[in-house]
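Enquirer: First, the structure itself, so that you have it in front of you.
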Amino acid sequence: MEQYHGTTIISVRRQTPEGVQVAIGGDGQVTLGNIVVKGTARKVRKLYHGKVLAGFAGATADAFTLFERFEAKLEKHQGHLTRAAIELTKDWRTDRVLRRLEAMLAVADASASLIITGNGDVLEPEQGIVSIGSGGAYAHSAAKALLTNTELSAEEIVRKSLAIAGELCIYTNMHHTVETL
């Protein structure tokens, strides 16, 4: 799976006695080649009446196009995350314009966490951890360790994982945006 430079997006879900906690976060760095052009970008957001969390890695304009299309699919399928993701991927693979978009999405709701790629993949990683972008592997490793060995909330795990990724990945900064369900 191709990883795009310039960001880290991580989502964590944790089962607690009070219910499922879901959080997603991303850094704010935008690069153009080897130059940082913005440090405060917002790459994660809530969709579908605040019931779905989404983040992107890749070309910003492409990602916003995908967010719009994905939200339309969520509306069409009454918020069913997996169905909307599959339908978006079908369009992404078959539409001439969409096929050229260079971005990946990480999405989550109360029942599932998914990675959506332009290669036609809708992936549901194990353990409720989703990570994309150049710092994704660092954040994923940190989240896995924290999820397994601590009682931290999903939001706290996302924040700490982003901080660790920011220390290791030159394309990830320390300005983080985190959303929770």
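All residue numbers here begin at 1 and follow the chain in the order shown.
Glycine residues also receive a Cβ, built from the backbone N, Cα and C atoms like all the rest.
Taken from Swiss-Prot, the feature active site covers THR7. Sequence annotations record features per position, and here Swiss-Prot assigns Na(+) binding site to GLY166, CYS169, THR172.
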Enquirer: Which residues does CYS169 (Na(+) binding site) neighbour through Cβ under 8 Å, counting only same-chain ones at least six apart?
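Expert: Spatial neighbours, sequence-distant, of CYS169 (Na(+) binding site): THR8, SER134, GLY135, TYR138.
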Enquirer: Counting every protein chain present, what is the number of Cβ atoms, excluding its own, within 10 Å of the Cβ of GLY166 (Na(+) binding site)?
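Expert: Around the Cβ of GLY166 (Na(+) binding site), 21 other Cβ atoms lie within 10 Å.
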Enquirer: Using Cβ-Cβ distances, find the residues under 8 Å from the residue listed as 'active site' that belong to the same chain and are at least 6 apart in sequence, listing them in sequence order.
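Expert: Spatial neighbours, sequence-distant, of the residue listed as 'active site': GLY26, ASP27, GLN29, VAL30, LYS43, PHE56, ALA57, ILE132, GLY133, SER134, GLY135, TYR171, THR172.
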Enquirer: Starting from the Cβ centroid of GLY166, CYS169, THR172, the recorded Na(+) site, name every other residue in that chain with its Cβ within 8 Å, sequence order please.
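Expert: Not counting the recorded site residues, we get THR8, ASP27, GLN29, SER134, GLY135, TYR138, ALA139, LEU162, ALA165, GLU167, LEU168, ILE170, TYR171, ASN173, MET174.
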Enquirer: Which of the three DSSP-derived classes (helix, strand, coil) applies to GLY166 (Na(+) binding site)?
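Expert: Its secondary structure by DSSP: helix.
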